[in-house]
C-alpha cells in the first residue's frame with residue numbers, strides 16, 4: 001500500500017545529489033574543462049603533430065611498458081601480501097599491514113630519492129644486481145620499480161577486503177571434497193577474487209601512467225630512453241606551451257578513462273551474473 005521509507009544516515013536525495021554534483025563539477029569537471037579549453041586553441045593538424053612527435057611517441061612507449069610491468073608485478077605481489085595479511089596471524093602483522101599504506105603517505109619525491117639511492121650502482125640493491133649485469137637506475141626498469149612502489153597499495157587494499165569476506169571456510173570445504181590447496185585456490189578463491197584483482201591492477205596501471213615525482217629521480221630523464229609522458233608535459237609547461245602539454249596529457253587521460261570504463265563495465269556484468277545465479 002504505502003512505501004515505508006527507511007531511516008537514512010545521509011540527508012535527503014536532493015541534497016545528497018546536489019552536493020555530489022557540486023563536488024564533481026568543482027573537483028573533476030572544472031580541471032577537465034580547462035584542459036579542453038587549452039586543446040581548443042589548437043587545430044586538428046597541430047594536435048596530431050604534437051601527439052605523434054617521435055620523442056613524445058617514445059615517451060608513450062616507455063610509460064606504457066613500465067606501467068604494464070609495474071601493474072603485473074603489483075598484481076602478483078599485491079595478491080600475495082593480501083593473502084598473508086588475511087590468512088595468517090604472526091608477530092608484526094599489524095606493522096606490515098600499516099607499511100602497505102606507506103607509499104600513499106610518503107611524498108613521491110622522497111620515494112624517488114630513496115629508490116634511486118638503493119638501486120644505484122653503489123646502492124644496497126644496485127651493487128648486488130650489478131653482479132648479474134642488471135642495471136635499474138636510468139633505465140625503464142627503474143621507472144617500473146618506482147611505479148610499482150607508488151601503486152602497490154591499490155592492489156592490496158582492493159583484494160584484502162574481498163579475501164576477508166570470503167573466509168577460509170570455502171577452501172576448507174573444497175579440501176574436504178578432495179581438492180588440493182592449489183586446486184581450491186584456483187577453482188574456488190581465484191574466481192571470486194578476479195573482479196577485485198583486475199580492478200586493483202587497473203587502478204595500479206592508471207596511477208602509474210601519471211607518476212612523476214618518484215620517476216624523475218630514478219629514470220635520469222634520458223631523451224628517447226627514459227622520458228615518460230608526465231615529464232614531457234612538465235617540459236612543455238616550463239616552455240609555456242600549454243596547448244601542447246594539454247595535448248600530450250589528453251592521450252594519457254583518454255587511455256585511463258577507457259581502461260577504467262572497461263573495468264567498471266566488466267565488474268557490472270560480473271555482478272549481474274552472480275546475482276542471476
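Here the Cβ of each residue, glycine as well, is placed from N, Cα and C on the backbone.
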Residues flagged as transmembrane segment in Swiss-Prot, choosing from 99-119, 162-182: 99-119
Range annotated as transmembrane segment - as stated in Swiss-Prot, picked from 38-58, 185-205: 185-205
Whether the transmembrane segment (185-205) meets the transmembrane segment (64-84): three or more C-beta pairs under 8 angstroms: yes
